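Student: Relevant sequence annotations retrieved from TrEMBL are reproduced here:
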type: TRANSMEM; residues: 29-52; note: transmembrane segment
type: TRANSMEM; residues: 64-85; note: transmembrane segment
type: TRANSMEM; residues: 109-132; note: transmembrane segment
type: TRANSMEM; residues: 139-163; note: transmembrane segment
type: TRANSMEM; residues: 169-187; note: transmembrane segment
Amino acid sequence: MALIAWFLYAHKGELNRETLVAYGQGLHAVTFILAFLVLPLVGFPVSIFLFLAGVRFGLQGGMLVSGIAVLFHNFAAFRLAHGLFRSRVRNRLRRAGHNIPSIKPEHRVWFTALFAALHGPPYIAKLYLLALTDIPLRIYFWVGAPIYVAFCIIPVGAGSAVMNFDPKWIYILVGASVALLLFGYWLKNRFGSVIKGEG
């Protein structure tokens, strides 16, 4: 979101509602979706895709596309982390005197929820870092992915609001932002001390 805000500020003289809507509506749907599926896995900022999904497809369509993309990212990141580069990363960490922490089975659900909900590391770093632990796919996917999808509502909603400005969406987005932020703080305060020694 910060990157989007900076871009909008830097181009404020040449950007207006009509320009943004025209650009978003002009995106080829299939090309956009394919790029959304692949590019965040190699580090491209996901917030740009979320915002453009709202512009291109509206709130409902944007959330559908974003939800599918986020589910794919979670599944693909887990498979990549447990396949292609897991042993290489572990070996490099071991040579540097570090290791990937082992997370106790009773803390895995809350650790995953907390890690996904808290802001800090970039989206793709969070996906790969958590996938490199011993958390199983069923927890990684079914606990983490829905939280990432829930956080999509804000940038997708912002993109949708550009298309069809309605004051009620401002209130909804602010309310959703506050609710998700409070949920993240609650998780941190409730379970942060319990799992502090895990990772």
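Just so it is clear, glycine is given a Cβ too, placed from its N, Cα and C backbone atoms.
Curation does not apply to TrEMBL; its annotations are automatic.
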Student: When you scan the chain for residues with a C-beta under 8 Å from the transmembrane segment (29-52), skipping those not six or more beyond its ends, what do you find?
Tutor: 1, 3-4, 62, 65-66, 69, 72-73, 76-77, 80, 122-124, 152, 155-156, 158-159
Student: Using Cβ atoms and a strict cutoff of less than 8 Å, what residues sit near the transmembrane segment (64-85) while being 6 or more residues removed from its termini?
Tutor: 33, 36-37, 40-41, 46, 49-50, 53, 57, 123-124, 127-128, 131-132, 137, 140-141, 144-145, 148-149, 152, 156
